[in-house]
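As given in TrEMBL:
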type	residues	note
DOMAIN	487-537	domain 'Cationic amino acid transporter C-terminal'
TRANSMEM	57-77	transmembrane segment
TRANSMEM	83-108	transmembrane segment
TRANSMEM	120-138	transmembrane segment
TRANSMEM	186-204	transmembrane segment
TRANSMEM	210-230	transmembrane segment
TRANSMEM	270-290	transmembrane segment
TRANSMEM	324-347	transmembrane segment
TRANSMEM	394-415	transmembrane segment
TRANSMEM	427-447	transmembrane segment
TRANSMEM	459-478	transmembrane segment
TRANSMEM	490-508	transmembrane segment
TRANSMEM	514-532	transmembrane segment
Amino acid sequence: MDTHGSSSFSSFTAYARALAQTPSRLARRACSVSTSFEEMSRVRARSGSDMQRNLRWFDLVGFGLGGMVGAGVFVTTGRASRLYAGPAVVLSYAIAGICALLSAFCYTEFAVDMPVAGGAFSYLRVTFGEFAAFLTGANLVMDYVLSNAAVARSFTAYLGTAIGFPTTKWRFTVSGLPKGFNEIDLVAVAVVLIITLIICYSTRESSVVNMVLTAMHILFIAFVIVVGFWRGDWKNFTEPADPRRHQGGYIGYDAVSTLAEEVRNPVKDIPIGVSGSVMLVTILYCLMAASMSKLLPYDAIDPEAPFSAAFRGQSNGWKWVSNVIGAGASFGILTSLMVAMLGQARYMCVIGRSKVVPSWFARVHHKTCTPVNASAFLGIFTAAIAVFTDLNVLLNLVSIGTLFVFYMVANAVIYRRYVSVGATNPWPTLSFLVSFSLTSIIFTLIWHFAAPGHPKEVMLGACTVVAVAILQMFHCMVPQVRKPEHWGVPLMPWIPSISIFLNIFLLGSLDRPSYVRFGYFSALAVLVYVLYSVHASFDAQEDGYYIQKNAEIPKDSEASVDAITMV
């Protein structure tokens, strides 16, 4: 273990003295930024051994497909259609796909310029500073843990369908626990722990296994789409099963970005891998949702296992399809777990490199070249959540955390293009980001809460005009100070600004309990930062781990580092 923390954590007296200096340490560390050079050299070296660069663009596409299709389609489609969107779930997926693609562009620019395993944490650390990066990183890690726990619990439902064994017999209820946390699922725990062992072994071998499983999984998906369109009825898009009761009408590619440090040619492979996987997954999502909506009226869809349950009551010899779909879904869910758990471990590894959490998490094993400590810790944590937490609670938390992170990355890519730390005035860019976000929030509030009618339309139109005017003024008046050398978001600043708006708009569609839980967790993250992280970071700086001047290095130095890391 490193000894850098001895000055603040060596004794109770030392810690009390450190707490007394918290305001000055916050002022010094919270907004301190790192550099691309620092992240790709000295910071990365804190892991000891290096992660091997042996992934190509097809590995990234495979990881993206395995991570997004396996989890999203088979876990969330039924609930989204039954409880919220109905047949319009197809349109919802198309909009979500566009939003994800715009966010993917932002991720790609950072990942190509700075191919490290830290993903959004590293991107925000070189733009908005340590505190914003820590808050985002904490939410990201929790998103991964909760989404993996949700997927593991859904695996139980589909496995039961595949073998004809009811989900209720896989789980048992503990009466003393609150509703939503009282169904114990030991199968989910076992699945998470087994996959944890697999990803600790090797990233390259994990990719090979993922490619094989994903290819077979895509065959199952194609089967579901064909059968759904063949056996379904178009009237189910417009007619509910019970008209008297129903009268009303993505984290996967983020995991791909964390593998940037293990990509052989980041400039070529990352744009294809990230954006390509998002586009393919959006098409598959829409086709799967349309297939499901054609099979059953939306109010008759099983929210937990929609596709397999759609054939459960079928006659004419089609009941066997339910078992096939259950097996295919179980298969795909395993690949999504593998990809997401690879991503969460790499996030935790890089957060450990920054010293805001114990550096034990940063260690890369010299034989497996994987972050074994982070993988094992988060695997056990995920298993602990999966054992008792209901799927609905998990999905609400995942949605709000993921959208928040996408929103932050979109802001960061604009800030990095228009601001050079120490050389340009950041206030015009910050003023634009704040004013555009406020306009988007006002638009969202009017959309969701204003009464239908002409006044609402006028207010929405006015917000749109103001937002476009703010965007155009910024585009014309503030010059870009950084031009990406290899790959950059096109139509800057329009695309990341649209991403900001869409993420805010989608955040507005979530329920109040989601915001309450998100607020509690964010408050907990802030508390951890104030009580531990800022002091550990300060000690690391004092021990000489950090560069003393928070300024971007010259462009030729960054280019030389890129050349070195790609050899």
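Cβ from N, Cα, C; glycine included.
Automatic prediction, not curation, is the source of TrEMBL annotations.
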Counts of helix, strand and coil residues, the domain 'Cationic amino acid transporter C-terminal' (487-537), according to DSSP: 40 helix, 0 strand, 11 coil
Of 210-230, 270-290, 490-508, 514-532, whichever stretch has the most CB pairs under 8 A to the transmembrane segment (120-138): 514-532
Surrounding residues of the transmembrane segment (210-230) on its own chain - C-beta under 8 Å, 6+ positions past either end: 58-59, 62-63, 65-66, 69-70, 73, 284, 287-288, 290-292, 294-295, 307, 310, 321, 324-325, 327-329, 331-332, 334-335, 338-339
The transmembrane segment (490-508) versus listed stretches 270-290, 427-447, 514-532: most Cβ pairs under 8 Å: 427-447
Sequence-remote partners of the transmembrane segment (270-290) [C-beta within less than 8 Å, at least six residues beyond its ends]: 57-61, 63-65, 68-69, 72-73, 77, 81, 89-90, 92-94, 96-98, 100-101, 104-105, 107-108, 111-112, 115, 221, 224-225, 228-229, 250, 252-253, 256-257, 260, 263, 307, 487
